[in-house]
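Asks: Have a look at this one.
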Amino acid sequence: MNIKKDTTSPADIGDYMKVFACTAVMMQTVLSLVLSTNPSFNYQTPIGIIYNLVKFTAPAFIFGILYTTTRTTNQNTWKNYGGYMCKQWSALFVPTIWWTLAYLFIFPNVQQVNQYHDLGSFCWHFINGNAAPHLWYNTMMLQFIILMPLFWSLAHWIQKNSKNALWTIGITVVFFVSWLAFYDTQVFHGPHEQSWYLLDRVFLSFIIYGIFGVIAWMYRNKFEIFIKKATPFLIVIFLAVFYWTNRELFSYGYPIKLPNAPYYKPSMTIYALTAIFLIAALAIHHINTRSKALSAFHFLATYAYRAYLSNVFWLQIIWRLGGNNLATINPLLAVIICYLLTWVLSFVSAYSFHIIWSKIKALFHKKRLQQSLE
């Protein structure tokens, strides 16, 4: 198997992961906000079920990012790290910085755990992902971006021999099961629930999805064969584990508390992996049939991360303009309307800001060019 780039399709499996994950994670945000109004138990039940349904987002994002990044950069080594980080700085770090500042200054009420009170706590919230309910993911995801040379080395190693890939899968599974056991006993309702909560955004908590993303690309032909053969079984597993996750969540009783449905449980891990494989099945089908949807998914994937960054910002505005009142009247209707408006505003703003920034850069470039010619 060679390790050259593949640019034959306008979209890849990673694009599908990003779009599905971004679309689903916005629903998580809306559900959490509506649930904070303490609706009746009759409404809390569907909210909990829907929340579990879309609880695959962070794993799918990581799988998709590592899949696509491996596809486009797997031939890289440490010599390419500088150029790689320059591209990632403008694509990921800069938007993260601006949106984190926006949350801290414009909507400081959305901070998690506690509020900043001085420069030190401001900087700590800026870094640790507590500036907004969804920014913990950025803190975790950017670790994968920074550590990408390790995944390049992994790609080169598993490409040498398929046995290396099998060893990698086995070791990863054993490690991750051990990590889940540790998290379950020590952090999740454990003795260090408050003091070690930041472990949920350490890259090790999502390492299985990143490694599987690398392997899926490096052995894409075998991965495709596996997905095609396993799809019927994956659907059955998906439904069974979905029932399992709901049974776990509702076993804690009412009122429903969404933190009781964390990613770091065997049930959620199996659910996330199954959802990832089913999304991959759809992507593979579209790629093989050259579906017209490929271009749409690629376009949305381009702006998915920036849309994700902004979704809580727009939801806060929607909430203040009437979403909170609607939630007290009909929580499920509030979920639907707030979600649709948030999704549209998030993607429209991501695209619009990109166009505006591109024109500003072009204008500065033109002025510099004129000055150099004078």
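Cβ from N, Cα, C; glycine included.
Just lifted these from TrEMBL, have a look:
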{"type": "DOMAIN", "residues": "15-349", "note": "domain 'Acyltransferase 3'"}
{"type": "TRANSMEM", "residues": "20-37", "note": "transmembrane segment"}
{"type": "TRANSMEM", "residues": "49-68", "note": "transmembrane segment"}
{"type": "TRANSMEM", "residues": "89-107", "note": "transmembrane segment"}
{"type": "TRANSMEM", "residues": "135-158", "note": "transmembrane segment"}
{"type": "TRANSMEM", "residues": "165-182", "note": "transmembrane segment"}
{"type": "TRANSMEM", "residues": "202-219", "note": "transmembrane segment"}
{"type": "TRANSMEM", "residues": "226-244", "note": "transmembrane segment"}
{"type": "TRANSMEM", "residues": "264-284", "note": "transmembrane segment"}
{"type": "TRANSMEM", "residues": "296-319", "note": "transmembrane segment"}
{"type": "TRANSMEM", "residues": "331-357", "note": "transmembrane segment"}
Asks: When you check the transmembrane segment (202-219) against the transmembrane segment (165-182), do you get at least 3 Cβ pairs under 8 Å, counting only pairs 6 or more apart in sequence?
Replies: yes
Asks: Might you confirm whether the transmembrane segment (20-37) is in contact with the transmembrane segment (89-107), defined here as three or more C-beta pairs under 8 A between residues 6 or more apart in sequence?
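Replies: The transmembrane segment (20-37) and the transmembrane segment (89-107): touching, no.
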Asks: Looking at the stretches 49-68, 165-182, 264-284, 296-319, which one shares the most CB pairs under 8 Å with the transmembrane segment (20-37)?
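Replies: Comparing 49-68, 165-182, 264-284, 296-319: 49-68 has the most Cβ pairs near the transmembrane segment (20-37).
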Asks: So if I exclude everything within five residues of the ends of the transmembrane segment (49-68), which remaining residues of that chain have a CB under 8 angstroms from its CBs? That is, six or more out.
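Replies: That would be 12-18, 20-22, 24-25, 27-28, 31-32, 137, 140-141, 144-145, 151, 206, 209-214, 216-217, 242, 245-246, 249, 258, 261, 263, 268-269, 271-273, 275-276, 279, 335.
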